[in-house]
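Chemist: Let me give you the structure first, and then I'll get to my questions.
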């Protein structure tokens, strides 16, 4: 392990420094300058306590202050054996540390810098845990993602900014990876080693506990300084895509090839794809076989394509599916499927500039070419689309105002995206649900939202009707508009709709397919392991300071996420009427259960004490008659009757 100390100065003010600075100027600049020390491990850098403001050093040696402010001063390095020699990886990490510190504001500190696995070497990625001390009562923390083109690079870029709010959760994803969910955003990280992962999770756990205790919620003044870094995002699109990656996607964008680095296989696949269009257009698709298509490609390209048979078949299926073009619902709006979202030629031909992705399992295929807005939901009745329809309406209107067009898609263009287009038509044109459904199904017969989305559309219709008939909501100051999204946990599901009369058989079949796009959801997901529960489990392994105390069942940590039902006997007591939890956090629920258990125990002791007291009086009479003694029994009666005795004394 090596120790690195970085002297940090305030940013340059743009004014020249006097040739002969006075003592007052030196002292002032010395107060602004401070030092931060780091412990350099293999794959991670841990921030140590601040080394102080450096006033004495500034006054004793004014010459270092002649260097331009805003630059990092040379670091003081030490190795484990006290000598100056360092291994190559330590030198690389030292250089990277200096570059990453230069990205920060003077008042912000790096608590941890962890190296992450990169999808495309020789790129390097670092996760920074950054906190600030700018006069805040509570410490605030954000996560930054930093990209290096390679290990020898002398520059780095910023690719991720994730503030840690009170709802931050860390889940272990297996194989050394973990995901951080905060403020509705979820990001995946995978450190390069077990030691790096352990150091990272410890720092993250501490930061999450501080955020939870501080009550940091979006929308207020908390973490306002994070916007400084959000405006500085400057990594290339490939790096941004890697930071935005999700673990449960089913459809992925094709890998981005580095300029001038396409492999021979990629070049051949591009040539096959270019010729495949022409071969399919010139063939009778009702009679031609896959083998004949491959032979025609071999004649055109002049080389055998045996090893590309699976690629050719896959591309043929893709091109066949893309022949089902997106449906033009309005002059500025197309409704389509995953295939339409992946067809770059069709998107450009339709003058699409905005893409509204309503699917949880489908990636953004061309994030560098189009403006995307994502609503990550599954096609299931319990999914909530209503809270997102105000944002989706605004997104579609932005495209129309620019004179371009928007594609709204999900997996098949049947349920999720169709419901969103229906909601847009109802609000934009003042239509009822029935009129909007007739219009959309005429242009795309396979449209059939699942029953849960239809119920939400009915609710949305009532909201729009109330908004049009009364302007009281808009005139009152501070009253939320009736079109504001409803929170999913308080929305009351309407009774199921009766089956619609009529309808084409094709629409019914495709509607069933649309509602079964994700059958794996019905089987239930494996419970995710929460970092907070793991840390509490680890804390229970430490020896207790009170040997006589025992751990009750209610004090055991909840290792798995709150999506699963806890397996303890008093779980039903932590829910309010209607089956909803009173509090999402584990500690209030534990305290509530312990209080209820204590009340039940006191009532049980009191009832048994009265019973024993009655029995003791009866037995005492018998003993006086028979002349026998039962000392142990009398002691037990007196001990258990003490509860009632204390109550009688209180009444007296």
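Here the Cβ of each residue, glycine as well, is placed from N, Cα and C on the backbone.
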Chemist: From the ranges 441-483, 484-526, pick the one that Swiss-Prot records as region 'Disordered'.
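Modeler: Checked against Swiss-Prot: region 'Disordered' maps to 484-526.
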Chemist: Cα of residue 410 (active site, phosphocysteine intermediate) to Cα of residue 87 (phosphoserine): how many Å, rounded?
Modeler: 51
Chemist: Using other CB atoms within 10 angstroms as the count, which residue among the modified residues 37, 87 scores least?
Modeler: 87
Chemist: Tell me the residue counts in helix, strand and coil for the domain 'DEK-C' (266-321), as DSSP assigns them.
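Modeler: Helix, strand, coil within the domain 'DEK-C' (266-321): 44 helix, 0 strand, 12 coil.
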Chemist: At the Cα level, what's the spacing in Å between residue 37 (phosphoserine) and residue 87 (phosphoserine), rounded?
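Modeler: The separation of the Cα atoms works out to 19 Å.
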